[in-house]
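Q: I have a structure I would like to understand better, so I am pasting it below and will then ask my questions one at a time.
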Amino acid sequence: MPNKSSRVIAGPGEDAGILDIGDNQAVVFKAESHNHPSAVEPYQGAATGVGGIIRDIFSMGAQPIALLNSLKFGPLKNGQTKHLVNEVVAGIGGYGNCIGLPTVGGEISFESCYEHNPLVNAMCVGILNNTDFKHGTASGDKNLIVYVGAKTGRDGIHGATFASDEFTDTNNKQRSAVQVGNPFIEKLLMDACVEIIEKHSEWILGIQDMGAAGLVSSTAEMASKAGSGLVLNLDKVPQRETEMTAYEMMLSESQERMVLCVKPEYVENVLDFFRNFELDAVVIGQVTTDNRQYKIYHHDELVTDIPVDSLTEDVPEYDRPEKQPQRMIDDKNYHFVPEITSLKDTWMKMITRPNIASKKHFYQTYDSQVKANTLVRPGGDAGVVRIQGTKKAIAMTNDSNSKYVYLNPFVGGQITVMEAARNIVASGGLPIGVTDCLNYGNPENPEAFWELDKSVEGIATACEVLDTPVISGNVSLYNEYNDVAIYPSPMIGMVGLIEDIETLTTSAFKAADDLIYVIGQTADDFNGSELQMEQLGQLKGNLRDLDLKKEKLHLDIVRQAINQNLLASCHDLSEGGLAIALSKSAFENDLGFTVKTELSAAQMFSETQSRFLVSVKPENQGSFEKLVQEEFELLGRVTNNQQFTVTTRDTTFSLDEKLVKNDWKEAISCLMM
């Protein structure tokens, strides 16, 4: 993955990545998965996934400003799926709302391969008000290791290994491996860490979240990065349960805990500071230069004495065999040909498909307005949050179309990145960086490993074209249930910089008589589409190669048009194609449209890439068309009669906007009953 650019301050290896956004400020962001825990204990699994990613952000000294999520479940006709969805959404909302962070974006989709193995990916974005941050290191002989936060219990023991194992009928009941979160303690911990780094930076040499594998992982990583050794005394660790063994304490994944490295002369200041927030704060060890050894004492007995590198740098490296899936060879030349007997009926069916219908039923659980800086809420192309005291804003999105990656991992990986970029650009932002969650099946399966390898290659090539470094992320493997794997499901989290919020653009049509254009050419791209799933009921075929130069050209054109104030609205075309984009653009302001095109009825649902749907005020028509040159089609006009009137090369029909909007809004609620 490319991880360099002129903006990169910190990249892979830290708790989160950091990008310079000018004016001595930086954006800090990362995404992580909590898939297996959310399948077993969906509320706590999702909640602690949110809590963990927030800690990664404030451990860098950044103030978290927003949350996003990417969720994948089985079909909603399944009662267990409904339970999982409700509990996961409640867990995300419960934790985020209590800690006081807005959830401003995300996605949720439904496919049969996720029925027993849902995916719960969380992303957090923060702002660092100076470009100085704290590394997760423990350096300097005799400097002290300080534990702060909640007490240690037995929850989450073996959580990391559980999350890295295949699901079976036996281990899917391992509830003891799922952590239990407390957002109120997290809020105290967040405020304390941000304040101490901002006001007393000299007290802290290093800081790290206790995440997967708990105390052993965090302390070993800190020592390894600094080239140090450590001595820990577990008798000092705050415990909420009695008679915990050294093994349990080291592997516990109890939440809301941090490890700090502190100079001895500042340790009392640090302890008093955190105790003023009513948090446990104790010295549990010290840094050594003892041949980089990792030593643990419990009840005055040395219970561990091993090289630090044996826990970090000296892990095995595998060269796995890989093999192209046979289905890709068999279906290489297959092209799905839709049958549209009634465009009107197909339009209504497509608008209510679970992957297309409104997700407000879910995201209304999340507080998207807390802190009063949210400019674009869930439901838009990207969430947008203002940076207080400036004209700037951060646009943020996460995207994952696993159907494309299943059909062609390389092209699908590219598409995932480019769709995220289109979401950022459609909102008026410049894409500047990426975090990822790579969710795959068993890498010991040569076909699964080939999918991982090729999709990562596709992601990397797309990021290179965009100059968007991948500066943080997460890998989640073994997402299988009884040997049935999920689709290869890379999730791309992307942030963009809006230099002036006056250029913020949304997807909603604004006024009658505005002209409607599609930027980019539409072809017969139905393999992997929602229309293929609607009519064929399965994925089949290959994907056309993605023209990255054309994609970049269209992104640049749209950015120029927005910066020149030529667009009234802008929306990327994705699932469901042009028909769905037109409908959604009309819904917010209850407008209609009249469209006439030489496209076929089926092509209204084509998912050809590199396209935007835009509206333009009549007085800007000449300037817009001069800028775009030949990369557009004029479709028609926005109307105020609340009618969708469409003429393709083979049919004409009208639909009532209120009827279409109502079905789109209520489809998920009906399925969840």
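From the backbone N, Cα and C atoms, a Cβ is placed for every residue, glycine too.
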Q: Out of Gln179, Gln326, Gln560, which is the one TrEMBL records at the substrate site of Ser33, His34, Asn35, His36, Arg55, Glu253, Ser254, Gln255, Ser476?
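A: Between Gln179, Gln326, Gln560, TrEMBL records just one in the substrate site with Ser33, His34, Asn35, His36, Arg55, Glu253, Ser254, Gln255, Ser476, namely Gln179.
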Q: Figure out which of Gly74, Gly389, Gly473 sits with Lys30, Asp436 in the ATP site per TrEMBL.
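A: TrEMBL lists Lys30, Asp436 binding ATP, and from Gly74, Gly389, Gly473 it also lists Gly473.
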Q: Any idea what the Cα distance is from Asp209 (Mg(2+) 2 binding site) over to Gln255 (substrate binding site), rounded to a whole Å?
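A: Computed Cα spacing between Asp209 (Mg(2+) 2 binding site) and Gln255 (substrate binding site) is 9 Å.
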Q: Counting across all protein chains present, how many other Cβ atoms fall within 10 Å of the Cβ of Asp436 (ATP binding site)?
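A: Looking across every protein chain shown, the total is 29.
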Q: By CA distance, which of the binding-site residues (Lys30, Asp56, Asp436, Gly473) lies nearest to Gln255 (substrate binding site)?
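A: The smallest Cα gap between Gln255 (substrate binding site) and any of the binding-site residues is with Asp56.
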Q: Using Cα coordinates, what distance in whole Å links Glu253 (substrate binding site) and Asp56 (Mg(2+) 2 binding site)?
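A: Cα to Cα, Glu253 (substrate binding site) and Asp56 (Mg(2+) 2 binding site) are separated by 15 Å.
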Q: Given the binding-site residues Ser33, Asn35, Arg55, Asp56, find the one whose Cα is closest in space to the Cα of Asp436 (ATP binding site).
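A: So, of the listed binding-site residues, the one sitting closest to Asp436 (ATP binding site) is Ser33.
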Q: Using a 10 Å cut-off, grab the number of neighbouring Cβ atoms around the Cβ of Asn35 (substrate binding site), all chains included.
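A: So the Cβ neighbour count for Asn35 (substrate binding site) comes to 25.
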